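Undergrad: The structure follows.
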Amino acid sequence: MLDVVDLSRLQFALTALYHFIFVPLTLGLSFILVIMETIYVATGKEVYKDMTKFWGKLFGINFALGVTTGIIMEFQFGTNWSYYSHYVGDIFGAPLAIEALLAFFLESTFVGLFFFGWDRLSKGKHLLATYCVAFGSNLSAMWILVANGWMQAPTGSEFNFETVRMEMTNFLDLWLNPVAQSKFLHTLSAGYVTGAFFVLAISSYFLLKGRDFEFAKRSFSVAATFGFIASISVLILGDESGYDIGKAQPVKLAAMEAEFETHPAPAPFLPVAIPNTAEMKNDFAIEIPYLGGVIATRSIDKEIIGLKDLQALNETRVRSGIRAYELFTQLRAEKKANGQVNEETKAQFNEVKKDLGFGLLLKRYTNNVVDATEEQIKQAARDTIPNVGPNFWAFRAMIAAGGLIALLTFGAFVQNLRNKVTQIPLLLKVLLWGLPLPWIAIECGWFLAEYGRQPWATYEILPVGVSASNLSTGDLWFSIGLICALYLAFIIVEMYLMFKYARLGPSALKTGKYYFEQSAK
């Protein structure tokens, strides 16, 4: 039966994955609009203005729903994860506050000028507004991913036993965290691919129907070029992000590669496996010798530490965490009784406080952490190993979808260069029906990032099990049902409007120049 923590996780997963349906398209379309309008201002060709306005209409529908779902998601830090907000809010809240005050206000202000300023602003000023929308969207993503990067690999912070909170010690370390920056660039390029693939798919639909040829062909050309470059960036930056995560979170690396044993370097790569987390082995696996180690460590002499060895290391850290928790409670008692603490006790605590989070893992099994049994200690260590199967297959689904996207954007780019886009209808059909591919890759990537971090809300600092609010299961089932109903309405509205305007094409602009307007005369 699902408890409060499980239901809180389920609700956050639903809202986060749903919200991220809209985010990558916003990121990608915003820069495609910049490219199209820049060409319009540079050449004066009206077709590029029409392209900017039409794709901007679809961007606007997506943007509105992305903002709405994002607000709902952020509220959960206060409603469902109140102890998390208390424990790490000083750090986690800072980039989110900057995002709201700087990036979100920038993009939301200029998005109004983008839509309503065509007849009120000069070409140059309107182009500047479009650039600000794109810049604001990307800046917003950066600060959100700085916050998420800290959850994955905490830097620039330390625990204060007096306030029982994590406190920021260096903002630059938080901001320039390598994990955060590589995640940001990888997510950004994935968004660019999503926007490009979206334009390619709908342009392919127009070309297959033989409608608005010039408009569709030019849209296809912009998207094919932008998408091909972005798809290469995704592969390169994805490798970099994976490398950084492998150094910061060896458990996640071992889980997504289903490495239960520590193999001599370089480790094999498993394209297919049936992981058995309970017995810490693969029931079936196909191995490609050496490839896994070369890809994951970029060397032939570095090991990928297996999950069995990582569990043993984590058991040692759980024991150290018990000592950290004991010293923490002692310091608190001394402070309360005497108004000051023993410096020797404080020095001892500082030596082991990095393992305090491992001690908190025991809260799932006992309120008296210091007197935890051997079985409870071993169970807490087992909890540090996430369920391998979902991580293993999510990673491979992401790679497979990303590889297909790269091949398709390459094909579109080559055909566009040859000026033979319409000569291979099969390519256009595959681009059209392959539209879900970017979302499959992105959602699998985010699932891997978050599920692979379990059992931690903030890696090796705060377990998920102690982060949740004091709610009832009834409260959570009600809110989950309400959110599902609301989000169902949102997706119906989104799909209706997207299909409506995508089918109309540039005729939706009512300029009198395009297919449905001409055929109605």
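Just so you know, glycine gets a Cβ as well, placed from its N, Cα and C.
What Swiss-Prot records for H19 is heme 1 binding site, and it gives similarity to another entry as the kind of evidence. Residues or ranges marked as heme 2 binding site by Swiss-Prot on the basis of similarity to another entry: H186, M398. Residues or ranges marked as topological domain 'Cytoplasmic' in Swiss-Prot (evidence: sequence analysis): 1-22, 115-129, 208-219, 418-475. Per Swiss-Prot, topological domain 'Periplasmic' is recorded for 43-94, 150-187, 240-397, 496-521, and the stated evidence type is sequence analysis. What Swiss-Prot lists as transmembrane segment is 23-42, 95-114, 130-149, 188-207, 220-239, 398-417, 476-495, and the listing cites sequence analysis.
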Undergrad: Need a quick answer: max count of Cβ pairs under 8 Å to the transmembrane segment (23-42), which of 95-114, 130-149, 398-417 is it?
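TA: Maximum Cβ contact count belongs to 130-149.
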Undergrad: Could you list the residues of the same chain, at least six apart in sequence, whose Cβ is under 8 A from the Cβ of H186 (heme 2 binding site)?
TA: V234, L237, G238, E240, S241
Undergrad: Go through 95-114, 130-149, 398-417 and flag the stretch with the largest number of C-beta pairs under 8 Å relative to the transmembrane segment (220-239).
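TA: The stretch I would name here is 398-417.
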Undergrad: Would you kindly list the residues that approach the transmembrane segment (95-114) from elsewhere in its chain, counting only those six or more residues past its ends and only Cβ-Cβ distances under 8 Å?
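TA: Contacts with the transmembrane segment (95-114): 33, 56, 60, 63, 67, 74, 121, 126, 129-130, 132-133, 135-137, 139-140, 142-144, 146-147, 150, 174-175.
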Undergrad: What are the sequence-distant neighbours of H19 (heme 1 binding site), meaning same chain, six or more residues apart, C-beta distance under 8 angstroms?
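TA: When sequence neighbours closer than 6 are ignored, H19 (heme 1 binding site) has G66, T69, G70, I72, M73 within Cβ distance under 8 Å.
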Undergrad: When the topological domain 'Periplasmic' (43-94) is classified with DSSP, how many of its residues are helical, how many are strand and how many are coil?
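TA: Going through the topological domain 'Periplasmic' (43-94) residue by residue, I get 48 helix, 0 strand, 4 coil.
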Undergrad: In the topological domain 'Cytoplasmic' (208-219), how many residues does DSSP call helix, how many strand, and how many coil?
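TA: Looking at the topological domain 'Cytoplasmic' (208-219) with DSSP, the answer is 9 helix, 0 strand, 3 coil.
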Undergrad: Let me spell it out: take the topological domain 'Cytoplasmic' (1-22), skip the flanking residues so only those 6+ beyond its ends count, and list any with a Cβ under 8 Å from a Cβ in it.
TA: 62-63, 65-66, 69-70, 72-73, 76, 80-81, 439, 442-443, 446-447, 450, 464-465, 467-473, 476-477, 479-480, 483-484, 487, 494
Undergrad: How many neighbouring Cβ atoms, not counting its own, are there within 10 Å of the Cβ of M398 (heme 2 binding site)?
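TA: M398 (heme 2 binding site) is surrounded by 22 other Cβ atoms within 10 Å.
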Undergrad: Taking a Cβ cut-off under 8 Å, which residues six or more beyond the ends of the topological domain 'Periplasmic' (150-187) line up next to it in the same chain?
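TA: Same-chain residues near the topological domain 'Periplasmic' (150-187) but 6 or more away: 24, 27, 86-92, 94-95, 141-142, 233-234, 237-238, 240-241, 243-245, 248-249, 328, 331-332, 335, 349, 353, 356, 449, 453, 457-462.
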Undergrad: Per DSSP, how many helix, strand and coil residues does the topological domain 'Periplasmic' (150-187) have?
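TA: Counting residues per DSSP class in the topological domain 'Periplasmic' (150-187), I get 18 helix, 8 strand, 12 coil.
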